[in-house]
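*Asks:* Shown below is the structure under consideration.
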């Protein structure tokens, strides 16, 4: 057949020394296919499009990989089917690991950036860079393994795939160490978590979500380390040619990880706080609540509690030229015209009799003051 590996096959009869089981691979294919629309729907329902898109991409690769293994049952030497099998089963879990890396910055940010060993945006950028590097290395290694270029034998090509899986394992291990360090720092009680999302991280569903995320990360790390050892032994090695080991380590474990991420979905735990804890979201100033006006009477324009502000600074006297506006009938506050509009009548003119009596009293006093006693000593005698 034109698409067969021919004499370059790793083992006699094709790429595998056994015919892949139709029943086992079909069950895994059906389960991965069932999780794919569920993941997309949950991403739409809980508004986690980026996480759901990355996880759904990994599920799609897993579907392709196990579809290729089902087809390999009839033709173990087909390069096309083996390409589908390798690409799907290698790249699928890598995208699943990327979905975990998407969640980790949200876990760090929900307690407050001051508790995180490093900024969540840096964590996301670093883990995404490692994931992209792992994907490129794995893709190149798979192509070399399938088509067996003359300059690079299959044993070395499998080593390229192992290198990509090693980068993936390092990223998962680094994320686990960072999370463990963050947990110790949080449980030490030296710093108080931010209360902006206290309703999220104190809820029971968030605790279950963390337990599910920890289990999924541990399982995926075990898978990655095993896959590194498997590919390092070559495609003709004992681990690669063992169907039981493949079905458990490369099939059941990635499926369990995807189920955990779907059951303990981050959108269920975070709710509306998912967007607020995203490192890709621009930080906006906190909107202070509007202060309600007190329900009191309207203050009169001429009244000022502080007496210093009642008059202008240049003149402490009221501007009498201004005509204050008249308040409507029944308005609250001081009267519209504090000053009396009409002057009080001047006092009555004194009567003639009181004037004559007053003048007589004053004249009598003047006469008494003008009568001076005579000198007791003659002034001429002093000289």
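Using the three backbone atoms N, Cα and C, a Cβ is placed for every residue, glycine included.
Pulled these from TrEMBL:
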TRANSMEM  22-43  transmembrane segment
TRANSMEM  50-72  transmembrane segment
TRANSMEM  84-110  transmembrane segment
TRANSMEM  122-147  transmembrane segment
TRANSMEM  159-182  transmembrane segment
TRANSMEM  209-226  transmembrane segment
TRANSMEM  246-271  transmembrane segment
REGION    309-383  region 'Disordered'
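Describe the structural surroundings of these features, if you would.
*Replies:* Long-range contacts of the transmembrane segment (22-43) within its own chain (CB-CB distance under 8 A, at least 6 residues past either end) are made by residues 49, 51-53, 55-56, 59-60, 62-63, 66-67, 69-70, 73, 247, 251-252, 255, 258-259, 262, 265, 267.
Sequence-distant contacts of the transmembrane segment (50-72) (same chain, at least 6 residues past either end, Cβ-Cβ under 8 Å): 14-16, 19-20, 22, 25-26, 28-29, 32-33, 35-36, 39-40, 42-44, 78, 81-96, 98-99, 102-103, 251, 254-255, 258, 261-262, 266-267.
Sequence-distant contacts of the transmembrane segment (84-110) (same chain, at least 6 residues past either end, Cβ-Cβ under 8 Å): 50-51, 54-55, 57-69, 71-72, 116, 120-121, 123-124, 127-128, 131, 134-135, 138-139, 142, 145-146, 161, 164-165, 168, 171-172, 175, 178-179, 182, 197, 200-201, 210, 213, 216-217, 220, 223-224, 227, 250-251, 254, 257-258, 261, 266, 270, 273-274, 277-279.
Long-range contacts of the transmembrane segment (122-147) within the same chain: residues 79, 82-83, 86-87, 90-91, 94, 97-98, 101-102, 104-105, 108, 116, 154, 156-165, 167-168, 170-171, 174-175, 178, 231, 235, 279-280, each at least 6 residues beyond the stretch ends and with a Cβ under 8 Å from a Cβ of the stretch.
Using a Cβ-Cβ cut-off under 8 Å and counting only residues 6 or more beyond its ends in the same chain, the transmembrane segment (159-182) has close neighbours at 90, 93-94, 97, 100-101, 104, 107-108, 115-118, 123, 127, 130-131, 133-142, 144-145, 214, 217-218, 220-221, 224-225, 227-228, 231-232.
Sequence-remote contacts of a segment are chain residues at least 6 beyond its ends whose Cβ falls under 8 Å from one of its Cβ atoms, and for the transmembrane segment (209-226) they are 93, 96-97, 100, 103, 107, 165, 168-169, 172-173, 175-176, 179, 249-250, 253-254, 256-257, 260-261, 263-266, 268-269.
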*Asks:* Which residues, given as numbers and ranges, are at least 6 beyond the ends of the transmembrane segment (246-271) yet have a Cβ under 8 Å from it?
*Replies:* 21, 24-25, 28, 31-32, 35, 38-39, 42-43, 45-48, 51, 55, 58-59, 62, 66, 89, 92-93, 96, 99-100, 103, 106, 110, 200, 203, 205-206, 208-209, 211-213, 215-216, 219-220, 222-223, 226-227, 230, 240, 277
